[in-house]
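Everything below concerns the one structure shown next.
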Amino acid sequence: MKSENIEKAYALAKERYAALGVNTDKAIETLEKTPISLHCWQADDVVGFERNVAASGGIMTTGNFPGRARNIDELRQDIDKATSLLAGPMRLNLHETYGDFGGAFVDRDQCGPEHFQSWMEWAKERGMKLDFNSTSFSHPNSGTLSLSNPDKAVRDFWIEHTKRCRRIADAMGAYQGDPCIMNIWVHDGSKDYTVEKYRYRQIFKESLDEIMKEDLPNMKTCLEAKLFGIGLEAYTVGSHDFVAGYCAQNKMIYTLDTGHYEPTENVSDAVSALLLFVPELMLHVSRPMHWDSDHVTCFDDNTRNLFSELVRAGQLHRAHIGLDYFDASIDRLGAYIIGTRATQKSLLSAFLEPLDLLRQYEDEGKHFERLALLEEAKTLPFGAVYDYFNYKNNVPVGQDYIPEIERYEQEVTFKRA
Ligand SMILES: C[C@H](O)[C@H](O)[C@@H](O)C(=O)CO
Ligand SMILES: [Mn+2]
(Lines of atoms letter the chains of each structure in order from A and count residues from 1; the text may use other names and numbers.)
(Lines give C-alpha, C1' and ligand atoms only; values in the text may rest on other atoms or scores of the structure.)
(Ligands and ions follow the chains in the order given, each with its own letter.)
Protein backbone atom coordinates (compact mmCIF):
# COMPACT_ATOMS: atom_id res chain seq x y z
CA MET A 1 0.00 0.00 0.00
CA LYS A 2 1.29 3.49 -0.80
CA SER A 3 2.48 5.40 2.28
CA GLU A 4 0.77 8.55 1.06
CA ASN A 5 -2.60 6.75 0.97
CA ILE A 6 -2.10 5.23 4.43
CA GLU A 7 -1.38 8.67 5.86
CA LYS A 8 -4.31 10.30 4.09
CA ALA A 9 -6.73 7.58 5.17
CA TYR A 10 -5.46 7.90 8.74
CA ALA A 11 -5.91 11.68 8.76
CA LEU A 12 -9.55 11.29 7.67
CA ALA A 13 -10.17 8.52 10.20
CA LYS A 14 -8.63 10.62 12.95
CA GLU A 15 -11.04 13.46 12.21
CA ARG A 16 -14.04 11.14 12.09
CA TYR A 17 -13.21 9.59 15.46
CA ALA A 18 -12.37 12.96 17.02
CA ALA A 19 -15.91 14.12 16.24
CA LEU A 20 -17.07 11.37 18.61
CA GLY A 21 -14.54 12.31 21.30
CA VAL A 22 -12.09 9.51 20.47
CA ASN A 23 -8.36 10.19 20.23
CA THR A 24 -6.85 7.79 17.66
CA ASP A 25 -3.23 8.75 18.44
CA LYS A 26 -3.81 7.79 22.05
CA ALA A 27 -5.41 4.50 21.01
CA ILE A 28 -2.35 3.64 18.90
CA GLU A 29 -0.05 4.60 21.75
CA THR A 30 -1.93 2.25 24.11
CA LEU A 31 -1.73 -0.57 21.56
CA GLU A 32 2.00 0.02 21.27
CA LYS A 33 2.29 -0.60 25.01
CA THR A 34 0.10 -3.72 25.17
CA PRO A 35 2.11 -6.96 25.11
CA ILE A 36 0.80 -10.14 23.55
CA SER A 37 2.32 -13.45 24.60
CA LEU A 38 2.99 -15.65 21.58
CA HIS A 39 2.46 -19.33 22.34
CA CYS A 40 5.53 -21.30 21.28
CA TRP A 41 3.41 -24.38 20.57
CA GLN A 42 1.81 -23.09 17.35
CA ALA A 43 5.16 -23.47 15.55
CA ASP A 44 5.50 -27.23 16.13
CA ASP A 45 2.00 -28.61 16.80
CA VAL A 46 2.54 -28.89 20.58
CA VAL A 47 5.28 -31.49 20.24
CA GLY A 48 8.15 -29.86 22.16
CA PHE A 49 11.67 -31.18 22.60
CA GLU A 50 11.26 -33.81 25.27
CA ARG A 51 10.26 -37.00 23.50
CA ASN A 52 9.06 -35.95 20.05
CA VAL A 53 5.53 -37.29 20.35
CA ALA A 54 2.24 -35.81 19.16
CA ALA A 55 0.18 -34.01 21.80
CA SER A 56 -2.12 -36.24 23.84
CA GLY A 57 -4.05 -35.77 27.07
CA GLY A 58 -7.21 -33.93 26.20
CA ILE A 59 -5.75 -31.92 23.30
CA MET A 60 -4.96 -32.70 19.69
CA THR A 61 -3.54 -30.94 16.65
CA THR A 62 -5.02 -31.64 13.23
CA GLY A 63 -3.51 -31.02 9.79
CA ASN A 64 -0.26 -31.85 8.06
CA PHE A 65 0.90 -28.65 6.43
CA PRO A 66 4.65 -28.95 5.75
CA GLY A 67 7.29 -27.04 7.69
CA ARG A 68 6.74 -27.78 11.37
CA ALA A 69 9.62 -26.53 13.57
CA ARG A 70 11.48 -29.69 14.58
CA ASN A 71 13.98 -28.35 17.06
CA ILE A 72 14.82 -25.36 19.22
CA ASP A 73 16.74 -23.52 16.47
CA GLU A 74 13.90 -23.84 13.97
CA LEU A 75 11.37 -22.74 16.54
CA ARG A 76 13.44 -19.69 17.43
CA GLN A 77 13.91 -18.89 13.76
CA ASP A 78 10.12 -18.98 13.25
CA ILE A 79 9.42 -16.78 16.25
CA ASP A 80 12.00 -14.28 14.98
CA LYS A 81 10.28 -14.23 11.62
CA ALA A 82 6.85 -13.82 13.21
CA THR A 83 7.92 -10.90 15.39
CA SER A 84 9.57 -9.21 12.40
CA LEU A 85 6.10 -8.99 10.83
CA LEU A 86 4.31 -7.73 13.92
CA ALA A 87 4.17 -4.31 15.55
CA GLY A 88 3.95 -3.79 19.29
CA PRO A 89 5.55 -5.66 22.19
CA MET A 90 5.52 -9.48 22.10
CA ARG A 91 6.22 -11.90 24.93
CA LEU A 92 6.91 -15.59 24.43
CA ASN A 93 4.95 -18.26 26.25
CA LEU A 94 6.88 -21.53 26.76
CA HIS A 95 5.74 -24.93 27.92
CA GLU A 96 8.10 -26.95 30.12
CA THR A 97 8.56 -29.48 27.30
CA TYR A 98 10.29 -26.79 25.23
CA GLY A 99 13.36 -26.65 27.46
CA ASP A 100 16.89 -26.62 26.08
CA PHE A 101 17.69 -30.16 27.22
CA GLY A 102 20.88 -30.42 25.15
CA GLY A 103 19.88 -33.77 23.64
CA ALA A 104 19.46 -35.44 27.05
CA PHE A 105 16.21 -36.83 28.40
CA VAL A 106 15.10 -34.73 31.33
CA ASP A 107 11.98 -36.04 32.99
CA ARG A 108 9.31 -33.66 34.23
CA ASP A 109 10.26 -34.10 37.88
CA GLN A 110 13.86 -33.19 37.10
CA CYS A 111 13.52 -29.89 35.22
CA GLY A 112 15.15 -26.72 36.49
CA PRO A 113 15.99 -23.15 35.49
CA GLU A 114 19.23 -24.39 33.87
CA HIS A 115 17.13 -25.94 31.09
CA PHE A 116 15.72 -22.53 30.26
CA GLN A 117 18.85 -20.42 30.63
CA SER A 118 19.42 -20.23 26.87
CA TRP A 119 15.78 -19.22 26.38
CA MET A 120 16.21 -16.43 28.93
CA GLU A 121 19.31 -15.15 27.15
CA TRP A 122 17.71 -15.50 23.72
CA ALA A 123 14.63 -13.59 24.83
CA LYS A 124 16.63 -10.85 26.57
CA GLU A 125 18.68 -10.20 23.43
CA ARG A 126 15.39 -9.48 21.68
CA GLY A 127 13.87 -7.43 24.48
CA MET A 128 11.20 -10.12 24.90
CA LYS A 129 9.78 -11.33 28.21
CA LEU A 130 8.95 -14.97 28.86
CA ASP A 131 5.85 -16.64 30.26
CA PHE A 132 5.67 -20.26 31.26
CA ASN A 133 3.44 -23.36 31.61
CA SER A 134 3.74 -26.59 33.52
CA THR A 135 3.04 -29.56 31.24
CA SER A 136 0.90 -32.44 32.45
CA PHE A 137 0.03 -33.91 29.05
CA SER A 138 1.93 -36.13 26.55
CA HIS A 139 3.74 -38.15 29.21
CA PRO A 140 3.46 -41.82 30.29
CA ASN A 141 2.29 -40.58 33.71
CA SER A 142 -0.38 -38.32 32.24
CA GLY A 143 -3.19 -40.87 32.18
CA THR A 144 -6.52 -39.28 32.86
CA LEU A 145 -5.60 -37.86 36.27
CA SER A 146 -2.41 -36.02 37.21
CA LEU A 147 -2.62 -33.61 40.16
CA SER A 148 -5.94 -35.15 41.17
CA ASN A 149 -4.74 -38.75 41.01
CA PRO A 150 -5.59 -40.86 44.10
CA ASP A 151 -2.34 -42.76 43.48
CA LYS A 152 0.15 -40.87 45.64
CA ALA A 153 3.18 -41.79 43.54
CA VAL A 154 1.66 -40.39 40.36
CA ARG A 155 0.28 -37.34 42.14
CA ASP A 156 3.60 -36.59 43.81
CA PHE A 157 5.36 -36.80 40.46
CA TRP A 158 3.11 -34.03 39.12
CA ILE A 159 3.29 -31.99 42.30
CA GLU A 160 7.09 -32.07 42.05
CA HIS A 161 6.88 -31.10 38.36
CA THR A 162 4.60 -28.15 39.03
CA LYS A 163 6.68 -26.93 41.96
CA ARG A 164 9.77 -27.03 39.78
CA CYS A 165 7.95 -25.15 37.04
CA ARG A 166 7.05 -22.38 39.47
CA ARG A 167 10.75 -22.10 40.37
CA ILE A 168 11.70 -21.96 36.69
CA ALA A 169 9.14 -19.19 36.16
CA ASP A 170 10.55 -17.36 39.17
CA ALA A 171 14.07 -17.58 37.70
CA MET A 172 12.74 -16.23 34.40
CA GLY A 173 10.98 -13.37 36.17
CA ALA A 174 14.13 -12.45 38.11
CA TYR A 175 16.26 -12.60 34.97
CA GLN A 176 13.93 -10.44 32.90
CA GLY A 177 13.06 -8.01 35.70
CA ASP A 178 9.35 -8.58 35.12
CA PRO A 179 7.07 -11.23 36.59
CA CYS A 180 6.80 -14.39 34.52
CA ILE A 181 3.19 -15.50 34.26
CA MET A 182 2.94 -19.25 34.79
CA ASN A 183 -0.16 -21.15 33.82
CA ILE A 184 -1.30 -24.44 35.28
CA TRP A 185 -3.63 -26.40 33.07
CA VAL A 186 -4.21 -30.06 33.79
CA HIS A 187 -6.30 -32.27 31.56
CA ASP A 188 -7.63 -34.31 34.49
CA GLY A 189 -11.05 -35.76 33.91
CA SER A 190 -13.06 -38.76 32.92
CA LYS A 191 -14.30 -40.10 29.60
CA ASP A 192 -17.46 -41.50 31.11
CA TYR A 193 -19.63 -41.02 34.16
CA THR A 194 -17.70 -41.02 37.39
CA VAL A 195 -19.00 -41.39 40.91
CA GLU A 196 -15.90 -39.73 42.39
CA LYS A 197 -16.21 -36.11 41.26
CA TYR A 198 -15.89 -34.66 44.73
CA ARG A 199 -12.96 -36.88 45.63
CA TYR A 200 -10.86 -35.91 42.58
CA ARG A 201 -11.57 -32.23 43.07
CA GLN A 202 -10.65 -32.49 46.72
CA ILE A 203 -7.34 -34.13 45.81
CA PHE A 204 -6.70 -31.49 43.12
CA LYS A 205 -7.31 -28.76 45.68
CA GLU A 206 -4.89 -30.34 48.15
CA SER A 207 -2.23 -30.71 45.43
CA LEU A 208 -2.62 -27.07 44.46
CA ASP A 209 -2.39 -25.98 48.09
CA GLU A 210 0.87 -27.90 48.37
CA ILE A 211 2.24 -26.45 45.11
CA MET A 212 1.36 -22.90 46.09
CA LYS A 213 3.07 -23.05 49.50
CA GLU A 214 6.33 -21.65 48.22
CA ASP A 215 6.50 -17.88 48.07
CA LEU A 216 8.13 -16.87 44.78
CA PRO A 217 8.26 -13.12 44.23
CA ASN A 218 9.21 -12.99 40.54
CA MET A 219 6.37 -15.01 39.11
CA LYS A 220 2.60 -15.13 39.14
CA THR A 221 0.63 -18.38 38.96
CA CYS A 222 -2.61 -18.81 37.10
CA LEU A 223 -5.05 -21.69 36.86
CA GLU A 224 -6.93 -22.54 33.67
CA ALA A 225 -10.53 -23.73 33.60
CA LYS A 226 -11.94 -26.00 30.94
CA LEU A 227 -15.24 -27.53 29.89
CA PHE A 228 -13.95 -30.88 28.62
CA GLY A 229 -11.04 -32.51 26.79
CA ILE A 230 -10.89 -35.04 24.00
CA GLY A 231 -11.43 -38.49 25.51
CA LEU A 232 -12.43 -36.80 28.77
CA GLU A 233 -15.89 -35.71 27.81
CA ALA A 234 -17.94 -36.62 30.89
CA TYR A 235 -16.07 -34.74 33.60
CA THR A 236 -13.31 -32.17 34.03
CA VAL A 237 -11.73 -31.79 37.45
CA GLY A 238 -10.64 -28.17 36.80
CA SER A 239 -14.04 -26.94 35.67
CA HIS A 240 -14.99 -23.26 35.59
CA ASP A 241 -16.67 -23.44 39.01
CA PHE A 242 -13.70 -25.18 40.59
CA VAL A 243 -11.15 -22.77 39.14
CA ALA A 244 -13.24 -19.66 39.87
CA GLY A 245 -13.67 -20.81 43.45
CA TYR A 246 -10.02 -21.71 43.92
CA CYS A 247 -8.74 -18.49 42.38
CA ALA A 248 -11.16 -16.31 44.34
CA GLN A 249 -10.31 -18.00 47.61
CA ASN A 250 -6.56 -17.98 47.03
CA LYS A 251 -6.22 -14.66 45.19
CA MET A 252 -4.85 -16.41 42.16
CA ILE A 253 -5.02 -15.46 38.48
CA TYR A 254 -7.85 -17.11 36.54
CA THR A 255 -6.95 -18.25 33.02
CA LEU A 256 -9.80 -17.63 30.67
CA ASP A 257 -9.41 -19.57 27.43
CA THR A 258 -12.03 -18.46 24.93
CA GLY A 259 -12.39 -22.06 23.68
CA HIS A 260 -13.23 -23.51 27.09
CA TYR A 261 -16.90 -22.69 27.54
CA GLU A 262 -20.26 -23.91 26.26
CA PRO A 263 -20.60 -22.94 22.59
CA THR A 264 -23.62 -20.74 23.30
CA GLU A 265 -21.99 -19.02 26.26
CA ASN A 266 -20.84 -15.42 25.95
CA VAL A 267 -17.28 -15.74 27.26
CA SER A 268 -16.76 -11.99 27.51
CA ASP A 269 -19.48 -11.87 30.16
CA ALA A 270 -17.10 -13.70 32.50
CA VAL A 271 -14.67 -10.75 32.47
CA SER A 272 -16.61 -8.40 34.75
CA ALA A 273 -17.92 -11.26 36.90
CA LEU A 274 -14.47 -12.74 37.55
CA LEU A 275 -12.54 -9.52 37.97
CA LEU A 276 -14.61 -8.60 41.02
CA PHE A 277 -13.25 -11.68 42.79
CA VAL A 278 -9.88 -12.67 41.31
CA PRO A 279 -6.82 -10.41 41.17
CA GLU A 280 -6.09 -10.74 37.46
CA LEU A 281 -6.95 -12.67 34.33
CA MET A 282 -4.70 -14.55 31.97
CA LEU A 283 -6.33 -14.70 28.54
CA HIS A 284 -5.87 -17.57 26.14
CA VAL A 285 -7.29 -16.05 22.98
CA SER A 286 -8.47 -18.83 20.71
CA ARG A 287 -11.34 -19.69 18.32
CA PRO A 288 -13.56 -22.64 19.09
CA MET A 289 -15.43 -24.27 16.22
CA HIS A 290 -18.28 -26.30 17.82
CA TRP A 291 -15.81 -27.37 20.52
CA ASP A 292 -12.35 -26.39 21.83
CA SER A 293 -10.92 -26.87 18.35
CA ASP A 294 -8.14 -24.28 18.76
CA HIS A 295 -8.65 -22.66 15.38
CA VAL A 296 -6.58 -19.55 14.64
CA THR A 297 -7.92 -16.47 16.41
CA CYS A 298 -9.94 -14.16 14.15
CA PHE A 299 -11.29 -10.64 14.44
CA ASP A 300 -14.73 -11.99 15.28
CA ASP A 301 -17.48 -11.06 17.75
CA ASN A 302 -16.09 -13.29 20.51
CA THR A 303 -12.64 -11.77 20.41
CA ARG A 304 -13.91 -8.23 19.99
CA ASN A 305 -16.38 -8.58 22.87
CA LEU A 306 -13.65 -9.94 25.15
CA PHE A 307 -11.49 -6.84 24.77
CA SER A 308 -14.42 -4.43 24.70
CA GLU A 309 -15.48 -5.77 28.09
CA LEU A 310 -11.99 -5.29 29.52
CA VAL A 311 -11.72 -1.77 28.19
CA ARG A 312 -15.26 -0.79 29.16
CA ALA A 313 -14.54 -2.07 32.67
CA GLY A 314 -11.30 -0.03 32.76
CA GLN A 315 -9.50 -3.24 33.71
CA LEU A 316 -7.18 -3.99 30.79
CA HIS A 317 -4.20 -3.53 33.14
CA ARG A 318 -5.45 -6.58 35.07
CA ALA A 319 -5.31 -8.88 32.05
CA HIS A 320 -2.34 -10.74 30.61
CA ILE A 321 -2.94 -11.43 26.94
CA GLY A 322 -1.78 -14.70 25.43
CA LEU A 323 -2.71 -16.70 22.37
CA ASP A 324 -3.67 -20.37 22.45
CA TYR A 325 -4.44 -22.19 19.24
CA PHE A 326 -2.67 -24.80 17.18
CA ASP A 327 -3.55 -25.24 13.58
CA ALA A 328 -1.37 -27.59 11.55
CA SER A 329 -3.50 -27.33 8.42
CA ILE A 330 -2.20 -23.95 7.21
CA ASP A 331 1.13 -22.16 7.28
CA ARG A 332 2.02 -22.11 10.98
CA LEU A 333 3.87 -18.83 10.82
CA GLY A 334 1.01 -17.22 8.91
CA ALA A 335 -1.26 -18.47 11.69
CA TYR A 336 0.79 -16.49 14.22
CA ILE A 337 0.38 -13.32 12.20
CA ILE A 338 -3.35 -13.75 11.60
CA GLY A 339 -4.08 -14.52 15.27
CA THR A 340 -1.88 -11.80 16.72
CA ARG A 341 -3.20 -9.18 14.34
CA ALA A 342 -6.79 -10.26 15.05
CA THR A 343 -6.09 -9.78 18.75
CA GLN A 344 -4.56 -6.36 18.15
CA LYS A 345 -7.49 -5.35 15.95
CA SER A 346 -9.88 -6.37 18.70
CA LEU A 347 -7.90 -4.36 21.23
CA LEU A 348 -7.76 -1.35 18.96
CA SER A 349 -11.45 -1.42 18.15
CA ALA A 350 -12.11 -1.49 21.92
CA PHE A 351 -9.82 1.53 22.41
CA LEU A 352 -11.66 3.36 19.64
CA GLU A 353 -15.14 2.85 21.00
CA PRO A 354 -16.87 6.22 21.67
CA LEU A 355 -17.31 5.21 25.31
CA ASP A 356 -17.92 8.63 26.84
CA LEU A 357 -20.84 9.29 24.55
CA LEU A 358 -22.19 5.76 24.94
CA ARG A 359 -22.05 6.10 28.71
CA GLN A 360 -23.76 9.46 28.58
CA TYR A 361 -26.59 7.98 26.52
CA GLU A 362 -26.91 5.10 28.92
CA ASP A 363 -26.98 7.36 31.99
CA GLU A 364 -29.66 9.48 30.39
CA GLY A 365 -31.75 6.43 29.55
CA LYS A 366 -31.33 7.13 25.81
CA HIS A 367 -31.37 3.51 24.70
CA PHE A 368 -32.19 4.10 21.06
CA GLU A 369 -29.23 6.48 20.82
CA ARG A 370 -26.96 3.96 22.58
CA LEU A 371 -27.87 1.16 20.18
CA ALA A 372 -27.58 3.46 17.16
CA LEU A 373 -24.07 4.54 18.16
CA LEU A 374 -23.00 0.98 18.92
CA GLU A 375 -24.11 0.07 15.40
CA GLU A 376 -22.46 3.07 13.75
CA ALA A 377 -19.21 2.48 15.64
CA LYS A 378 -18.87 -0.88 13.89
CA THR A 379 -18.33 0.73 10.49
CA LEU A 380 -16.15 3.66 11.48
CA PRO A 381 -12.82 3.71 9.55
CA PHE A 382 -11.11 1.47 12.05
CA GLY A 383 -8.99 -0.31 9.39
CA ALA A 384 -7.25 2.94 8.49
CA VAL A 385 -6.11 3.30 12.10
CA TYR A 386 -4.81 -0.26 12.28
CA ASP A 387 -2.99 0.17 8.96
CA TYR A 388 -1.37 3.33 10.27
CA PHE A 389 -0.26 1.52 13.45
CA ASN A 390 1.57 -1.09 11.35
CA TYR A 391 2.94 1.50 8.90
CA LYS A 392 4.26 3.66 11.74
CA ASN A 393 6.01 0.62 13.20
CA ASN A 394 7.58 -0.43 9.90
CA VAL A 395 5.86 -3.77 9.48
CA PRO A 396 3.77 -4.88 6.48
CA VAL A 397 0.43 -3.14 6.18
CA GLY A 398 -2.78 -5.03 5.38
CA GLN A 399 -2.32 -8.14 3.27
CA ASP A 400 1.31 -7.22 2.45
CA TYR A 401 2.54 -9.88 4.89
CA ILE A 402 1.13 -12.69 2.71
CA PRO A 403 4.02 -12.68 0.17
CA GLU A 404 6.47 -12.45 3.10
CA ILE A 405 5.07 -15.70 4.50
CA GLU A 406 5.12 -17.30 1.05
CA ARG A 407 8.77 -16.33 0.63
CA TYR A 408 9.63 -17.81 4.03
CA GLU A 409 7.91 -21.06 3.01
CA GLN A 410 10.08 -21.31 -0.10
CA GLU A 411 13.30 -20.29 1.61
CA VAL A 412 12.87 -21.98 4.99
CA THR A 413 9.90 -24.06 6.10
CA PHE A 414 9.31 -26.09 2.91
CA LYS A 415 12.95 -27.11 2.99
CA ARG A 416 12.39 -28.89 6.31
CA ALA A 417 12.10 -32.55 5.37
C1 LIG B 1 -0.99 -26.18 25.22
C2 LIG B 1 -1.82 -25.38 26.18
O3 LIG B 1 -1.34 -25.39 27.45
C4 LIG B 1 -3.23 -25.85 26.18
O5 LIG B 1 -3.78 -25.41 24.97
C6 LIG B 1 -4.12 -25.35 27.32
O7 LIG B 1 -3.89 -24.02 27.62
C8 LIG B 1 -5.51 -25.57 26.89
O9 LIG B 1 -6.17 -24.63 26.53
C10 LIG B 1 -6.05 -26.93 26.84
O11 LIG B 1 -7.26 -26.98 26.21
MN1 LIG C 1 -5.59 -22.61 26.94
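Any Cβ shown, glycine's included, is placed from N, Cα and C.
No curator has checked TrEMBL annotations; they are predicted automatically.
Predicted, not measured: the structure shown is a model, and the values here were computed from it.
Residue density at HIS260 (Mn(2+) binding site): 26 other Cβ atoms are found within 10 A of its Cβ, drawing on all protein chains shown. What TrEMBL lists as Mn(2+) binding site is HIS260, ASP292, ASP294.
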| For the Mn(2+) site built from HIS260, ASP292, ASP294, further residues of that chain with CB within 8 A of the site's CB center | ILE59, LYS226, LEU227, ASP257, THR258, GLY259, SER286, PRO288, TRP291, SER293, ASP324
| Hey, what's the Cβ neighbour count for ASP292 (Mn(2+) binding site) at 10 Å? | 25
